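**Student:** As listed in Swiss-Prot for this protein:
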- Asp461: active site, for protease activity (ACT_SITE)
- Asp671, Asp736: Mg(2+) 1 binding site (BINDING)
- Asp1346, Asp1427, Asp1428: Mg(2+) 2 binding site (BINDING)
- Asp1610, Glu1652, Asp1685: Mg(2+) 3 binding site (BINDING)
- 1-10: compositional bias 'Polar residues' (COMPBIAS)
- 48-60: compositional bias 'Polar residues' (COMPBIAS)
- 127-152: compositional bias 'Polar residues' (COMPBIAS)
- 153-165: compositional bias 'Low complexity' (COMPBIAS)
- 402-418: compositional bias 'Low complexity' (COMPBIAS)
- 960-969: compositional bias 'Low complexity' (COMPBIAS)
- 1005-1015: compositional bias 'Polar residues' (COMPBIAS)
- 1038-1053: compositional bias 'Basic and acidic residues' (COMPBIAS)
- 1054-1082: compositional bias 'Polar residues' (COMPBIAS)
- 1101-1111: compositional bias 'Polar residues' (COMPBIAS)
- 1-93: region 'Disordered' (REGION)
- 126-173: region 'Disordered' (REGION)
- 352-421: region 'Disordered' (REGION)
- 583-640: region 'Integrase-type zinc finger-like' (REGION)
- 956-1087: region 'Disordered' (REGION)
- 1092-1111: region 'Disordered' (REGION)
- 1130-1186: region 'Disordered' (REGION)
- 1178-1212: motif 'Bipartite nuclear localization signal' (MOTIF)
Amino acid sequence: MESQQLSNYPHISHGSACASVTSKEVHTNQDPLDVSASKIQEYDKASTKANSQQTTTPASSAVPENPHHASPQPASVPPPQNGPYPQQCMMTQNQANPSGWSFYGHPSMIPYTPYQMSPMYFPPGPQSQFPQYPSSVGTPLSTPSPESGNTFTDSSSADSDMTSTKKYVRPPPMLTSPNDFPNWVKTYIKFLQNSNLGGIIPTVNGKPVRQITDDELTFLYNTFQIFAPSQFLPTWVKDILSVDYTDIMKILSKSIEKMQSDTQEANDIVTLANLQYNGSTPADAFETKVTNIIDRLNNNGIHINNKVACQLIMRGLSGEYKFLRYTRHRHLNMTVAELFLDIHAIYEEQQGSRNSKPNYRRNPSDEKNDSRSYTNTTKPKVIARNPQKTNNSKSKTARAHNVSTSNNSPSTDNDSISKSTTEPIQLNNKHDLHLGQKLTESTVNHTNHSDDELPGHLLLDSGASRTLIRSAHHIHSASSNPDINVVDAQKRNIPINAIGDLQFHFQDNTKTSIKVLHTPNIAYDLLSLNELAAVDITACFTKNVLERSDGTVLAPIVKYGDFYWVSKKYLLPSNISVPTINNVHTSESTRKYPYPFIHRMLAHANAQTIRYSLKNNTITYFNESDVDWSSAIDYQCPDCLIGKSTKHRHIKGSRLKYQNSYEPFQYLHTDIFGPVHNLPKSAPSYFISFTDETTKFRWVYPLHDRREDSILDVFTTILAFIKNQFQASVLVIQMDRGSEYTNRTLHKFLEKNGITPCYTTTADSRAHGVAERLNRTLLDDCRTQLQCSGLPNHLWFSAIEFSTIVRNSLASPKSKKSARQHAGLAGLDISTLLPFGQPVIVNDHNPNSKIHPRGIPGYALHPSRNSYGYIIYLPSLKKTVDTTNYVILQGKESRLDQFNYDALTFDEDLNRLTASYQSFIASNEIQQSDDLNIESDHDFQSDIELHPEQPRNVLSKAVSPTDSTPPSTHTEDSKRVSKTNIRAPREVDPNISESNILPSKKRSSTPQISNIESTGSGGMHKLNVPLLAPMSQSNTHESSHASKSKDFRHSDSYSENETNHTNVPISSTGGTNNKTVPQISDQETEKRIIHRSPSIDASPPENNSSHNIVPIKTPTTVSEQNTEESIIADLPLPDLPPESPTEFPDPFKELPPINSRQTNSSLGGIGDSNAYTTINSKKRSLEDNETEIKVSRDTWNTKNMRSLEPPRSKKRIHLIAAVKAVKSIKPIRTTLRYDEAITYNKDIKEKEKYIQAYHKEVNQLLKMKTWDTDRYYDRKEIDPKRVINSMFIFNRKRDGTHKARFVARGDIQHPDTYDPGMQSNTVHHYALMTSLSLALDNNYYITQLDISSAYLYADIKEELYIRPPPHLGMNDKLIRLKKSLYGLKQSGANWYETIKSYLIKQCGMEEVRGWSCVFKNSQVTICLFVDDMILFSKDLNANKKIITTLKKQYDTKIINLGESDNEIQYDILGLEIKYQRGKYMKLGMENSLTEKIPKLNVPLNPKGRKLSAPGQPGLYIDQQELELEEDDYKMKVHEMQKLIGLASYVGYKFRFDLLYYINTLAQHILFPSKQVLDMTYELIQFIWNTRDKQLIWHKSKPVKPTNKLVVISDASYGNQPYYKSQIGNIYLLNGKVIGGKSTKASLTCTSTTEAEIHAISESVPLLNNLSHLVQELNKKPITKGLLTDSKSTISIIISNNEEKFRNRFFGTKAMRLRDEVSGNHLHVCYIETKKNIADVMTKPLPIKTFKLLTNKWIH
């Protein structure tokens, strides 16, 4: 087994290989039977001695004290071959036979019988396991054989003497398996030796010492039969017995030969593992010896590959050959032959050197003293270069290496003083004779460090810029200087202890000194020629002397080997002691690793597991003593507390305690986890785990689904892996009773492979504890890793895989070993591991240009399974790569800075661990960028700061306006230290379609307002708070002014009333410090709440009647009327008649009674929003009753009657389950297939048009060289997954033209044929509406373009094949694609990158950050939607210039140039637009709806009356279960999909007033009850009735040159199922409605205020994104407003009183809203509920109210 490990695991290190070989004890003596006690059970070597004084009888016997003693006893049990011998064949008490082993028989009593038959024994005793023989018959072994006489050899005599007194011999054990026969034979031979039969056993040469007698043969035959049953004999033994059933001697002879062969193999392995070579013997002899051993092992089936052989050879090299271990150890593909070429070269060079230097002989003490220990470090070797080559020898690089990584033998301290004998050294150069002296080595105070070093000398290095020395005895004026950065030739750091002076006293009494650095981590003392040159000393290699510039000789140079040396006798020793210099600076290698760093490095494992792993060497590279465990006891990891939070510990011992014992990898546990929701399609949603019962080794595999074929693929993979890697067969797999395990496909697979499935019993979760606990552990680790690193959630499986790698390497406290050790694998080298999410820079091997940056920021995930690289996530490329070309980003611990880790810095620790893996960027070459803005992956995305805020002190407590108390004392806010972090990209919640892309500023402290009354939404009570609350306290350009100006003029930086105030620091954003706010009075505090507006003029107030605004009454209040009017002016709000002040009744008095079904309401319900409709009138008008008109189902049913059929099975559909199952609305197929358009088309005219369109498309494909026309491929030659199905689709466009398109079936495209990270971007609808609105306000020309066959301009990178078009008639052939065909997954992304590059480089455009497909320059704005382009410009010639540039590359059609001054009609992305420049714009879809709705087969106008509203209040969807036939259910679901799909298209384009009804019905697509269908028909009927309505825009006429962006928000509390609230927002730009949103809140709100806060917080991110877009497209200043009808929400936003926060989530949401309002300069305004047009987005309204809120913008 040990020898097999060398071949099965070639990656095991030297130490592991040596340990696996030497663990087997092998003796080299000639006796083949002298086997180790580790393999043979220990028998009583003194045998069982009978007491000569003791007499026993069969009836009674004394029980001996020695348990090996035995006494006879009658027995009645069957012979031993019929059952196992208990207790290792020890005879039980009272079974001893006084006559020894005589019962084995005599030839006269037991005839020879065939071996296969049971021998005839005497009747056995009543309790004996052996036949009972007469006691008078003596043992044939008691006397010498007459044939042998006294002719025994000495060895046999010794055996005979040793066993002559053995009256009772312990029998061998029973043979129970053919595999155990070799070991059993050894014990059987030992048994024969103890029975005085050692002479008949064959010796090494195969011949016995003496002949065997008949009695001995009988004894041999019978004992062999008894203890080796025939059914357990190997085949080769049976073959021998089939020829001669008595030839036991031949069996023994063959067995001994096999033992000798095994011994030779073991000896060869031991010899190979303990090779030693230093050049004392010829290299040829050494090579012959090694190759013979390797050939012998290979011939015996023990394969020694090149890697293992080279490692073992290099491990034994010493002397001048030792450096091969350091120059060759990184060569992965080196062969034994190449290694021996290097050995031969050194040997020949050594021999030549000895011949040229006959008088020199190296001092043997050099090698004796070459035993030193060094600190454990990973610093690499130091390269020293000589400046000049000699005439007859090559100048080599000095083989100086880092001793800390190469020499692990015990030794003295680095600076210990040892004496060495002086020795004459003959100089190699003839010029040395001119010195007139004989060079002798002085007594040196330094121990030798390397075999090829010249003791007592300094190596002259022309490449070293600094002098380095290991000994402390020559350093003068030593001082600590740890900041010095010294690197070796590979640019790796060398730790420096101290810096000082090195003083020389040369032979001409010249004294000089140079700077020297002290370090014990080098192999040679290096003397820098550069530093000598600085003091006017040069090295002359022609004379081999050090000399001055005037020619004065200072010291001789000695050439030893290939290097030049100067003696240390010229150095002046210092008086500093060794401990002093060693304590000057602690070496980096001696500093212990902090426990928090190791805890994070090892996947947040606990301290006990880590210590066990280090003690048992399952984690290599450093020891337990290298870690600082002082903080491990009370250390609490915040990430662990968050990620591993659990209720209680799992019950221990839940697995079955009486399972059978299995060999490694025979019994597996498996379980599936998932799904993980809200992930990209490319990310796995599940994982399946496997755990081995014996070794606890774990595997995890990702899954995208739980289909049978996916599970079967994983099972096939792991079974093949275990079989090939571990030579084991899985016997049992334990799993739960999930359908993925109990399906027929998997069951047949397991049955075919002979695997027993072991299912858990019903409701017995404890029986599956191994797999469940593993999944829980991995998920804990996953959450912790993601929390700590801040990486997006779609990388969750990478965290699982990282945890699995680490967990397999951690030791179990029970077994003291890791799973890898149990499996026979090497330990995990922690130096190859990086913390999960560690920021790195990856080398870009294929940059876009020569000046493009070569580094890409990324985040390390886990080591690669398939290479020596690391898996790294690159956010900018949106993919992961497997590479070794990376460098760790210094000073970036990902998100560690978010928690208080006691200011730990792990950079140095990480550098020490990964020093050998720093690949291509030196630390001094890394430049950090301050620009952390990363281009968004989504339309709207931001990095939302999640840092917990420090507690803030209130600046001043506000008092009532009439209070005249002096201003309160201000308290300082805690100062924040800004720290720039490279943050991992955060995921955007898929439930939120808009989020901020701009960095938001921190909220600054604001004054607190007292005496605030809080009311519900649409409040009925008077509120003494400012209803206009801009929270935008500027953090920049603030200054104090002496004059007290009361006007605020528009400017980027505005002034305030600030004079004679004490400045108090407040927290700032973006790292800005020392920002102050003035100390203000209470009255001024209230004023500033209204006046802090950066962009709105204000004037003194005149009245307070406008728009029911209730301002705060202060003496010097600047009027907020103009400010508020600038927000609300020009908004399409309803006009209400003025009402006289009346006292409102109790708001709860007029509410309708609570309906028990209101919580299930989808289209209506109670709410405060309808209260005002019932106050003045208790009767509903006739117009209100019109909404009760229902579409008759009878008309529709008569068209769809089916003939009578047998009863069918019905399906039950539950409302809540159906609502939850709805994910998205499937698009309606509006195209025709080839057979529909041409083959079976009965309309001849239409068919001809489609045929023409078909040929036109084919010609275009050929023109664009879409595929390779030079070769057609056979289908059998191509990988099926690279073959893409294709088809022709046909369509009739709205202008009447017929279109054909050749497309690929991307819906069934294999994932390996495209990059899932690539995205096909199109212009967002909000971006288009914003551009259209700005075009109207700025008199822009609008030009519409179309690029024909746009996708075909983009090349395709992947190797893909399609079937030729049908007209070619080549169904069995394939053609290779060259262009991005429509329908391919990557075509959209390829085209986007192509056109984007062209617009930027050739047209001079730039893409707006955060808004894909929106490009601009100083004159033109372009909105791109696939092949459609919309150009906006004030100068039509600028548009024409862009068109000319586009036509140079693409087939560009001008759909509408837009040059007319009259009304121009456009059809832009489905919108029918009427535009008259400088006047108005109308957006509708009348023509499209007139064409599409009749095709839906919906009965229109059944009663001849028009609906005036899409729904009615108070109507609830019945939640009773729906029971339908399967076919009927599918048909109705399909119909719902078509109807809601069309309604959604219309609603999100321009009919924002219908979004509430569309959103509600979309949730019931899978619940097509009669009621739901009727409501859907009503909605379609209303769309049909109002198809001529348009979204009307008029050109705004602002008083000031600003853009005004406003969002109106509303929420309906608890009117959805499960008490969810409906929220809605409407966005307006310069008074024009550009978008709307209606959705169900993702959380359950507990109050109306909380629902309103949730609605506002949902609207702010998109508002900020639109603000950024408007500022990019139009450089005018922008004012942002937020309107709501909830006074309580406004009071929370403007207040600093955190006591209003009822719970943590509510408070967090409100606090975040405060920050967003403050940081984004939002003006919060109150709007009456009657005027809140967002009310239509949250609830069904009566006809009158619906019309009142919509007639100003939809008509």
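Each Cβ is built from the backbone N, Cα and C atoms, and glycine gets one as well.
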**Student:** Fewest other Cβ atoms within 10 Å: which of the recorded positions Asp461, Asp736, Asp1346, Asp1427, Asp1685 wins that one? Let me know.
**Tutor:** Asp1346
**Student:** Which are the residues of the chain, Asp1346, Asp1427, Asp1428 excluded, whose CB is within 8 A of where the CB atoms of the Mg(2+) 2 site average out, their centroid?
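**Tutor:** Nearby residues not in the site list: Leu1345, Ile1347, Ala1350, Phe1425, Val1426, Met1429, Lys1453, Ile1455.
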**Student:** Using DSSP, would you call Asp1428 (Mg(2+) 2 binding site) helix, strand or coil?
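**Tutor:** DSSP assigns Asp1428 (Mg(2+) 2 binding site) to strand.
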**Student:** Sort the recorded positions Asp461, Asp1346, Asp1610, Glu1652 by C-alpha distance from Asp671 (Mg(2+) 1 binding site) and give me just the closest.
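**Tutor:** Looking at Cα distances from Asp671 (Mg(2+) 1 binding site), the smallest one goes to Glu1652.
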**Student:** How many Å lie between the Cα of Asp1610 (Mg(2+) 3 binding site) and the Cα of Asp1428 (Mg(2+) 2 binding site)?
**Tutor:** 36
**Student:** Just to verify: the residue among Asp671, Asp1428, Asp1610, Glu1652 with the fewest other Cβ atoms within 10 Å, which of the binding-site residues is it?
**Tutor:** Asp1428
**Student:** Return only the integer: C-alpha distance in Å from Asp1427 (Mg(2+) 2 binding site) to Asp736 (Mg(2+) 1 binding site).
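**Tutor:** Between the Cα atoms of Asp1427 (Mg(2+) 2 binding site) and Asp736 (Mg(2+) 1 binding site), the distance comes to 52 Å.
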**Student:** In the predicted model, what is the mean pLDDT computed over the region 'Integrase-type zinc finger-like' (583-640)?
**Tutor:** 79
**Student:** Could you find out if DSSP has Glu1652 (Mg(2+) 3 binding site) as helix, strand or coil?
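**Tutor:** The three-state answer is helix.
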**Student:** Compare the C-alpha of Asp1685 (Mg(2+) 3 binding site) with the C-alpha of each of the recorded positions Asp461, Asp736, Asp1346, and give the closest one.
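**Tutor:** Its closest listed neighbour, by Cα, is Asp1346.
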**Student:** For Asp1346 (Mg(2+) 2 binding site), which of the recorded positions Asp461, Asp736, Glu1652 has the nearest Cα in space?
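**Tutor:** Answer for the nearest of the recorded positions: Glu1652.
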**Student:** Can you grab the distance from Asp736 (Mg(2+) 1 binding site) over to Asp461 (active site, for protease activity)? Cα atoms, rounded to a whole Å.
**Tutor:** 69
